[in-house]
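Colleague: Structure incoming, see below.
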Amino acid sequence: LKCNKLIPLAYKTCPAGKNLCYKMFMVAAPKVPVKRGCIDACPKNSLLVKYVCCNTDRCN
């Protein structure tokens, strides 16, 4: 699986066991991602932070 990184057009290949891509952003600024990468399980959203996870190449 390949996931986008925060830098535009950059991506990385996920290590074994991390089979989800995620995008994290602040609830107050939903159009501006704060963090992107590979993850093993989708974290829960909170009042301040929202996570979007997916499982296809570079879907984040």
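Glycine is no exception: its Cβ is also placed from the backbone N, Cα and C atoms.
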Colleague: Would you mind checking which of CYS38, CYS42 shares a disulfide with CYS14 in Swiss-Prot?
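Modeller: Its disulfide partner, as Swiss-Prot records it, is CYS38.
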Colleague: Could you tell me which of CYS42, CYS59 is bonded to CYS54 by a disulfide, according to Swiss-Prot?
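Modeller: Answer per the record: CYS59.
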Colleague: Within 10 Å of the Cβ of CYS3 (disulfide bond), how many other Cβ atoms can you find? Include all protein chains, please.
Modeller: 25
Colleague: Within 10 Å of CYS38 (disulfide bond) (Cα-Cα), which of the disulfide-bonded residues CYS3, CYS21, CYS53, CYS59?
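Modeller: For CYS38 (disulfide bond), the disulfide-bonded residues whose Cα atoms are within 10 Å come to CYS3, CYS21, CYS53.
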Colleague: Please name which of the disulfide-bonded residues listed here, CYS3, CYS14, CYS21, CYS59, is nearest in space to CYS53 (disulfide bond), Cα against Cα.
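Modeller: Nearest candidate: CYS21.
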Colleague: Out of CYS14, CYS21, CYS38, CYS53, which of the disulfide-bonded residues has the smallest number of neighbouring Cβ atoms within 10 Å?
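Modeller: Comparing Cβ neighbours within 10 Å for the disulfide-bonded residues CYS14, CYS21, CYS38, CYS53, CYS53 has the fewest.
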Colleague: List which of the disulfide-bonded residues CYS3, CYS42, CYS54, CYS59 have their Cα within 10 Å of the Cα of CYS14 (disulfide bond), in sequence order.
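Modeller: Passing the 10 Å Cα cut: CYS3.
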